[in-house]
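J.: Structure in structure tokens, see below.
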Amino acid sequence: MIVSGLSGSGKSVALKTFEDLDYYCSDNLPVELLPDFVRSRLRGNPLGDQRLAVGIDVRSRSDLTQLAQWRQAAQEYGIEARLLFFEASDEALLKRYADTRRRHPLSQLGLALPEAITRERELTAPLRAQADAIIDTSALNVHQLRRRVVTEFALGNSDRLSLLFESFAYKRGVPAEADFVFDARVLPNPHWDPELRPLTGRDAGVRDYLDKEPDVIRYSAQIVDLLDTWLPRLRNDTRSYVTIAFGCTGGKHRSVYLAERMARHAREQGWPEVATFHREQD
């Protein structure tokens, strides 16, 4: 697993999570040293079943464009190197640097923080372009990010397609990593029922309310039809992860309900790796 992205976006949290899950981790490794590093680890483990996670970013001052060539060569030898790219909005990164008072790695070039962030986006663009998954952490805290890594990536089997059903609030932005986005704001809102307002889409009261609504029944059936038609096509693609996101006003009732309902349907259809993530609740 190759972990890359913008400074302050959560790469260190991701690597620590992989380490806790028994990955052998190395951070800030120059791209040109990656082949020797992998070979040395495999020689020390003849069975070849050791899980590795490597952090690569602008701190190494490497030619990041070399990574694509190495991944292609590694694949020819039966080594799958998946690339996760972490990013966040400028606003989120600026706030995190203000809170931690850390220096940006590119500040040594004499750049102000906003300029350093912009320059880093340019330098890491080749990595972002070839990423297997892009994770926007702007709206995530440390605990949410850790849970996200565990549920969507760390427990996955590399030869199977992992599905993540995510709920979110539109007022906090659409998840940048979403492959499919469905707007649940067209559905009746349990928020206006005083008894249902404090509940979430995971509670029986909200489920019972929405299960009876004709628009919900029709909308859910149309989503099921679309996903049942197209998700199997992606199984034969080179991608390892698919994120299906559902949004509503507050990310509490309708979006959570749909994410849970579709995840349940996916499991019933035999998909082996299905996870849910409720951005505004978890």
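Just so you know, glycine gets a Cβ as well, placed from its N, Cα and C.
The feature ATP binding site is assigned by Swiss-Prot to G5, L6, S7, G8, S9, G10, K11, S12, with sequence analysis given as support. Marked as GTP binding site by Swiss-Prot: D57, V58, R59, S60.
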J.: Given the recorded GTP site (D57, V58, R59, S60), which additional residues of the same chain have their Cβ within 8 Å of the Cβ centre, ordered by sequence?
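T.: So the additional residues around the site are N28, I56, R61, S62, P105.
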J.: What is the interatomic distance between the Cα atoms of S12 (ATP binding site) and D57 (GTP binding site), given in whole Å?
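T.: That comes out at 11 Å between the alpha carbons.
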J.: Within its own chain, what residues at least 6 apart in sequence put their Cβ under 8 Å from the Cβ of G10 (ATP binding site), listed in sequence order?
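T.: Long-range Cβ contacts: F86, A88, I135, T137, L140, V142, L145.
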J.: Name the residue among the binding-site residues S7, S9, S12, S60 whose Cβ has the smallest number of other Cβ atoms within 10 Å.
T.: S12
J.: Across all protein chains in the structure, which of the binding-site residues L6, V58 has the highest Cβ count within 10 Å?
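T.: Of the binding-site residues L6, V58, the most buried by Cβ count within 10 Å is L6.
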J.: Do you know offhand how many angstrom separate S7 (ATP binding site) and D57 (GTP binding site) by C-alpha?
T.: 8
J.: Taking only the Cα atoms, work out how far S60 (GTP binding site) lies from S9 (ATP binding site), in Å, as a whole number.
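T.: About 17 Å separate the Cα atoms of these two residues.
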